[in-house]
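Before any comments, here is the structure.
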Amino acid sequence: MMLSALTPWIDYTVNGLVIGNIYALLAVGLALIFGVADLINFAVGSVFSFGAYIGWVCAAYLKLPLPVTILVVILASALLGIVIERFGTRPLQGRSRIAALLVTIGIGLIIDQLLQIIFSPDPRALPSGLPDRRFTIAPGATIGTLDLLIAGVGSASGLALWLFLSRSRIGWAIRATAQDSEAARQVGIFTDRMNMLVFALASSLGGVGGLLIGMYYNNIDPSMSFNATLKGIVAAMVGGLGSLPGAIIGGLVLGLTESYGIGIFGASYRDLFAFVILLLVLVFRPQGMFQRAGRAPEPLTGTFIAWSRPLRLPRPVQAAILLVVLVLPLAGQPYVTQIGINALIYGLAAMSLTLVAGTVGQVSLGHAALLAIGGYASALFAANLGWPVALTIPLGGVVAAALGTVLIYPAFRMSGHYVSIASMAIAEIVALVILNWTGLTGGSMGLSGIPPLAIGPIDLSDARSTYYICLGLVIVMALLQARLLRSHLGRSLRAVRDDAIAAKSFGLSPSRYKMIAFLFGGFGAGLAGAISAHLFSYIDSNTFGLDLSILVLTIVILGGLGNIAGALLGAVLLVALPELFREVAQYRELVYGLALILLIRFRPQGLLGTA
């Protein structure tokens, strides 16, 4: 009887170890690249999806045998990794880590969009082709042939990689490059070739992982890349970036934690465990559980560009732009007015991020969480408590500022890509809480029937009124932010950005000034989320994913970090123009990815320069 009670836990353990092997493949690839190139590769999930689709072509379309399918996936994924390294990250050698990280995000967007264009967004079945046999390992508990294959591939990959790195000359060269690339070059090692080889190895592991997960669930779709990226990063961070044994253990630990968590709390909380673990590791042991803190820290600025003088447009050009903005709703084109509203909302969100990322140097990948908090807060105040919308919108901004700053506060002592990853983890935790707090937020159904924009009895929900409300808020927030940047406080924020250690030696508290920037930025983002909720009378958690955070960050980089006018210009170029040209709108992620890569590569200071 006791054994029968343990049967479900045996199943959870088997499932956790099987999925953990796939996470380990992703984590080992990330650890390899980080160890040699000092880079967190955010395109790993897209390579994962690429491998799954190549596997589908081979197994389901061409009906090739499984060994041939695996070999083709390995070769194709390795080739993709070589392309990513040669044309994506190599040109950024010598730049800050965060620059290459953002480029890999852009590469991932492009790969995902191309997969959707080629194969469509619809899910596809990926059968394993293995005999459906299960072996009893305990009364009531079994293990299948596919489980054994995944465990075997994971174990064999780890063993083969260890032998390659420890017993071969090329492996020694890779390890030498990881330890000191400059010294490796001086003794005749071609470090660029080592980087390329490492990307090929890591990508082949990721591609095989995508194939295996597709066969395990008999289902693939282009959106699987996002989840794979996050799980791989969590596993690698738990074990310690750059530690191959740590990556393997981190993958297995994550798989078991998820499996046991599902058994106790249910499948809806599955992803929450990964992000909580990631956040705890980042805050309390950022070097990971199995690696000593010996790596030289990144400079405390989270930026990746040299600061330049902002470009000032001639006054006649400024006057013409202002005139167009003011008379746009009077043209009698409701669709164009709606596009203008969207651009203003995104511009408001981008202005709030440019203060955080540009002025104080904290590049956030979780800005969408602030919009979500502001939107839900305003919607709940108005719909459930009956408070006037004119009051709930600024209250939404206040709640977003306060709660967002409290959540991100532990990350203030971090730097560089650690801040970006921590903000991403916090945003995903917020989204999952919103999704699962059904009684308050409506869960996956969202909140509908949100009161429209109004001031007292005056209905302002028509497009023209909404446009001018958004424009007024943008102008007010822009003036306040400009005044802030010209003040003594603004100079202190830039001092913390430029050199936090020097600022601290002069009596400035970096954490305090980061908190001030996040409070102001959170308020602006909360306003944007609140207006959006009342504009559409509906809100749900799917709106506020990583893709929204990346879009807002791309807008900021396009206009120029820290540049208020640049944030608004970026919103027009990346939000309004694609909507006006419908042929481009369906390829928006491709446009965003290309824009992010080209900007960081050729115009990192943005169109209007940094401030």
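Placed from the backbone N, Cα and C atoms, the Cβ positions cover glycine too.
A TrEMBL annotation is a machine prediction, not a hand-curated record.
Not measured: the values here are computed from a predicted model.
The transmembrane segment annotation in TrEMBL covers 12-35 (among others).
Sequence-distant neighbours of the transmembrane segment (42-62) (same chain, 6+ residues past either end, Cβ-Cβ under 8 Å): 26, 29-30, 68-70, 72-73, 76-77, 80-81, 84, 88, 101, 104-105, 107-108, 111-112, 115, 118-119, 124-129, 202-203, 206-211, 213-215, 220, 222, 224-230, 232-233. Annotated transmembrane segment per TrEMBL: 42-62 (among others), in sequence order.
Here TrEMBL flags 68-87 (among others) as transmembrane segment. Long-range contacts of the transmembrane segment (68-87) within its own chain (CB-CB distance under 8 A, at least 6 residues past either end) are made by residues 37, 41, 43, 47, 50-51, 54-55, 58-59, 104, 107, 111, 153, 195-196, 198-204, 206-208, 210-211.
Within its own chain, the transmembrane segment (99-119) has Cβ neighbours under 8 Å at 37, 39-43, 45-47, 49-50, 53, 56, 80, 84, 88-89, 92, 222-223, 225, 229, 304-305, 363, 417, 420, 550, 553, 557, 587, 589-590, 592-597, 600-601, 604, counting only residues six or more beyond its boundaries. Look at TrEMBL and you will find 99-119 (among others) tagged as transmembrane segment.
For 139-165 (among others), the entry in TrEMBL reads transmembrane segment. Listed by sequence, the residues of this chain that lie at least six past the ends of the transmembrane segment (139-165) yet keep a Cβ under 8 A from its Cβ atoms are 3-4, 7, 10-11, 14, 17-18, 21-22, 24-25, 28, 70, 128, 130-133, 171-172, 174-175, 201, 205, 208, 212, 215-216, 244, 248.
When Cβ-Cβ distances below 8 Å are used as the criterion, the transmembrane segment (196-217) is approached by residues 18-19, 22, 25-26, 28-30, 32-33, 35-37, 41, 44-45, 47-56, 59, 69-70, 73-82, 84-86, 89, 126-128, 130, 146, 149-150, 153, 157, 161, 170, 174, 224, 228, 232 of the same chain, each at least six residues removed from its ends. Taken from TrEMBL, the feature transmembrane segment applies to 196-217 (among others).
Taken from TrEMBL, the feature transmembrane segment applies to 260-284 (among others). Residues 8-9, 12, 16, 227, 230-231, 233-234, 237-238, 254, 410-411, 414, 418, 421-422, 425-426, 428-429, 432-433, 435-436 of the same chain sit 6 or more residues outside the transmembrane segment (260-284) yet have a Cβ under 8 Å from a Cβ within it.
The feature transmembrane segment is assigned by TrEMBL to 393-412 (among others). Non-local neighbours of the transmembrane segment (393-412) in the same chain are 279, 282-283, 364, 366, 369-371, 373-379, 381, 387, 418-419, 422-423, 426, 430, 510-511, 514-515, 518-527, 529-531, 533-534; each lies 6+ residues outside the stretch with a CB under 8 Å from one of its CB atoms.
For 419-438 (among others), the entry in TrEMBL reads transmembrane segment.
What TrEMBL lists as transmembrane segment is 466-485 (among others).
Among the features that TrEMBL reports, transmembrane segment is placed at 515-536 (among others).
Residues annotated as transmembrane segment in TrEMBL: 548-577 (among others).
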Interface present between the transmembrane segment (12-35) and the transmembrane segment (466-485) (three or more C-beta pairs under 8 A): no
